[in-house]
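Undergrad: Shown below is the structure under consideration.
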Amino acid sequence: MPRDTHFTWWLVRLVVYLSAIALISGGVKGDAPKPAAARLVGGHNPWSGRLEVYFKRQRAYGTVCDDGWHMNASHVACRMMGYAEAMDFHFGNVFGAGKGTIVLDDVRCTGNETHLFKCQHAKLGVSNCRHSEDIGLTCSQDTIQERMEAQRAAVSIRRSKIRKERRQMKVRLVGGSKLQPISEGVVELLYKGKWRTVCGEDWDTLDSRVVCGMVGFKDSMPLREGYQEAGNFQRRKSMRITNVQCTGSEVHIGTCPFDDLANEEDCPSDIVAHARCHRGDFVLDTPYDENGMPVEGTAAEDNEEIVQNEEITSAGAEGNTSADAEVNDAGMNNNTSSTTMPETTTDIDAQEILNDDAGQAKRRKGKSKAARKQATPEVLVIKKPKPTIRLKSGAYYGEGRVEVYVNGLWGTICSEGWDEVSASVACRQLGFGVAEKAVRNSEFGQGVGPIWLWRMRCEGHEKTLLDCDHGYLNGSRCTHAQDASVQCVVPDIDAASKVRIEGGTYEREGRVAVYINGEWGNICGWNWGLLAGKVVCRQLGLGHARYAPESTLSYGSAPKRTFLMMEVKCTGHERTIKECKYTRPSNANTCIRAFRAGVVCVDTLPDVLMDLHVLQSSVRVQDWPDTLLTCAREEGCLSDVPNNWGLRRLLRFTSAIMNRGMEQFRPLLSRYSWKWHLCHRHFHSMEVFSHYDLINQKGERVAQGHKASFCLEDGHCDEGITPQFSCITDQGISVNCIDIYASNIDCQWVDVTGVKTDLYTLRIHINPDNLVAESDYDNNLIECDLYYGRRITIGHCEYVTDRMNG
């Protein structure tokens, strides 16, 4: 090996050896535990004993003399060892005599020092004491960290209690207003168990907006100039709240920052806080415009009745279900008017007509005008903006599944990201106050159509839900099982005090009694139905109407009262039964006592509707031998028009009936009451389940059909739903299942034999007589534009109430 190479090899070995020694030395030194600055020795537990401190010069522990020792020094010493504080100190060598150096003597501490060596003391290691004077300590059992965590927890609990206390605050307006519910007055908050007034200093409309929302009104308005309530309403001595700082987007006044007021003298303002709220459309005692001013020419609630030909129509309608641009003063939504088209020649291209949305709207508008010409001209019509939001399937005022109108279609909202703030924007857009509850996951039944909005991120100040941040329209992966709903705070219109039910076996059933013109009376059961029952149940806050018996003899004897309402006709959207159309009894028009109307209220109901896509894609025309239609003729499914060459022309289509409610759809009668049809050899569970009509452009019915339910079953169910009904067991449609009547089944048609080539409206009505109770009757009526000629073209199938007429 060359000499240079040999030298290099030994040099490398030397470097590695020295590095290893340095690493080992450093590691041992680094691993050695650092002595504690102080310790307690000789006690019965870790937090008591003789105090010893570490003396670096001697690298050993020594004791502390008790000369001049006091509690401040004890606290410093205990904190040095990590304890929260000192509980006591002990003279006279209580924990035994120490050994070695007495490190500290004559210690003088203020109590704020971080360790004993920063206190005043004699020279380290110099003392005139003996070990019989060693100081002893008893520290707290908890450490500084534990004490801090406990303090943080206590603060958190205290803050949580304050938040809870503030979240439980209630709001009311008091004053001399004659309008009920009151919407202008002194603000009072139920705080710490008492109703308190608020200092008026710096109170503004943003603060009022939150208050208005909590009492059911959609917004606040500036106070009238010079307005303030009389002194007896102001109650300055109860003033305990000041400096309220709301942004106007809050759902609850308790989430706004504010300060407690020691007494009313600390408020610099001479008046307490007042608020003025926008009454909105739900109250309807005096309709208001967007600026909060009364609409001229409208009557107050006290003068709301209009008598025409002994028929009464009363002002007011439920604001959250309006689906049309026009509402008459009877509170009846014009959302069930049929569609007719103007006369056109038969050589017009059908596809061009059916794809012409503008032409379609014009045709419907033409019929609407014709209908208005037939109406009584004295009835006042108030033009309202087209609604872009609505609630569906709710049992009470201001609740239901939220649906929005976008790009010409109604659709739902995914409850992903749905919270009280977003729900409150929806409630205010509907004309109510804030959201009492943001309801998720289709608690009011599943909707149909697009899911327009998702990942809602509202801030609370937006005018509409579309103004909020959200995912791109109809772009989510949500299903209708995640549809968002809401329960809004509505103004207290005291509706329940004007109606009651009596004589039932439990509180949700009985005879209906109404209070009109200072008198309690009965309602005649003739023509009484589920739509009227729905209004009564909602007015009483008892849910939906399952039954609406025309006679209530089964409830036993009844108080002798007069009949105050007869021939009641409701749409189901009225706020109170008094707002339905009705006639007053007279000598020539009276009712027998056996026909006192009744109602049975429940929490949940089914909701059946037809699948429009299945309908529109299945329409076809078939010529079928008359000789093969014997059973259909017996059931009345054929027209009286003579056949052509022994053939009948049938407009066939498939019906897919969905149940999107919250309860099974069952036939009205039990299976023991079903009717046997000998020719078809099956039972009819409902004699009339659907009506099918073909309407010409003049609004005349030129052909018709009907469908009896002989096999209500779960033909197809959503994922995760187990079918429960079939033809061979029991009949019905489970929640989120579909009953399918294929187009090749008898009577699943309209007999169009002899019908001329033209444009028509195909009208289909499910559960047409409302014999089975549902949570939503508005989606039972469907209309399609249909061109009948050498070929069939169908389009614009939609639920009638979804149409946005101008």
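Any Cβ shown, glycine's included, is placed from N, Cα and C.
Here's the feature list from TrEMBL:
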COMPBIAS  332-343  compositional bias 'Low complexity'
DISULFID  Cys65-Cys129  disulfide bond
DISULFID  Cys78-Cys139  disulfide bond
DISULFID  Cys109-Cys119  disulfide bond
DISULFID  Cys246-Cys256  disulfide bond
DISULFID  Cys414-Cys478  disulfide bond
DISULFID  Cys427-Cys488  disulfide bond
DISULFID  Cys458-Cys468  disulfide bond
DISULFID  Cys570-Cys580  disulfide bond
DOMAIN    38-140  domain 'SRCR'
DOMAIN    171-278  domain 'SRCR'
DOMAIN    389-489  domain 'SRCR'
DOMAIN    499-602  domain 'SRCR'
REGION    317-343  region 'Disordered'
TRANSMEM  7-28  transmembrane segment
Undergrad: On a C-alpha basis, identify the one among Cys109, Cys119, Cys414, Cys468 that is nearest to Cys580 (disulfide bond); the candidates are the disulfide-bonded residues.
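TA: Smallest Cα separation from Cys580 (disulfide bond) among Cys109, Cys119, Cys414, Cys468: Cys414.
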Undergrad: Could you state the CA-to-CA distance between Cys570 (disulfide bond) and Cys119 (disulfide bond) to the nearest Å?
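TA: Rounded to a whole number, the Cα-Cα distance is 89 Å.
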Undergrad: Just going by other Cβ atoms within 10 Å, which of the disulfide-bonded residues Cys458, Cys478, Cys488, Cys570 has the emptiest spot?
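TA: Fewest other Cβ atoms within 10 Å, among the disulfide-bonded residues Cys458, Cys478, Cys488, Cys570, is found for Cys478.
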Undergrad: For the domain 'SRCR' (499-602), what's the model's average pLDDT?
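TA: Mean pLDDT across the domain 'SRCR' (499-602) comes out at 92.
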Undergrad: When you measure from the Cβ of Cys65 (disulfide bond), how many other Cβ atoms are you left with inside 10 Å?
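TA: The answer is 22 other Cβ atoms.
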Undergrad: Whole-number Å distance between the CA of Cys478 (disulfide bond) and the CA of Cys246 (disulfide bond)?
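TA: Cys478 (disulfide bond) to Cys246 (disulfide bond), Cα-Cα distance: 35 Å.
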Undergrad: Summarise the domain 'SRCR' (499-602) by DSSP state, stating how many residues are helix, strand and coil.
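TA: Split by secondary structure, the domain 'SRCR' (499-602) comes out as 17 helix, 39 strand, 48 coil.
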Undergrad: Most Cβ neighbours within 10 Å: which of the disulfide-bonded residues Cys78, Cys109, Cys129, Cys139, Cys580 is it?
TA: Cys139
Undergrad: Spatially, and counting Cα to Cα, which of the disulfide-bonded residues is closest to Cys256 (disulfide bond)? Options: Cys78, Cys139, Cys414, Cys427, Cys458.
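TA: Checked the disulfide-bonded residues Cys78, Cys139, Cys414, Cys427, Cys458; minimum Cα distance to Cys256 (disulfide bond) goes to Cys458.
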Undergrad: Which one is it: of the disulfide-bonded residues Cys256, Cys414, which Cβ has the fewest other Cβ atoms within 10 Å in this structure?
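TA: Comparing Cβ neighbour counts within 10 Å for the disulfide-bonded residues Cys256, Cys414 gives Cys256.
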Undergrad: Please identify which of Cys119, Cys246, Cys427, Cys468 has the densest Cβ environment, defined as other Cβ atoms within 10 Å, among these disulfide-bonded residues.
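TA: For the disulfide-bonded residues Cys119, Cys246, Cys427, Cys468, the Cβ with the most other Cβ atoms within 10 Å is Cys427.
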Undergrad: To the nearest whole angstrom, state the Cα distance for the pair Cys78 (disulfide bond) and Cys109 (disulfide bond).
TA: 13
Undergrad: Between C-alpha atoms, which of these disulfide-bonded residues comes nearest to Cys414 (disulfide bond): Cys129, Cys246, Cys427, Cys458?
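TA: Result for Cys414 (disulfide bond): the nearest of the disulfide-bonded residues is Cys458.
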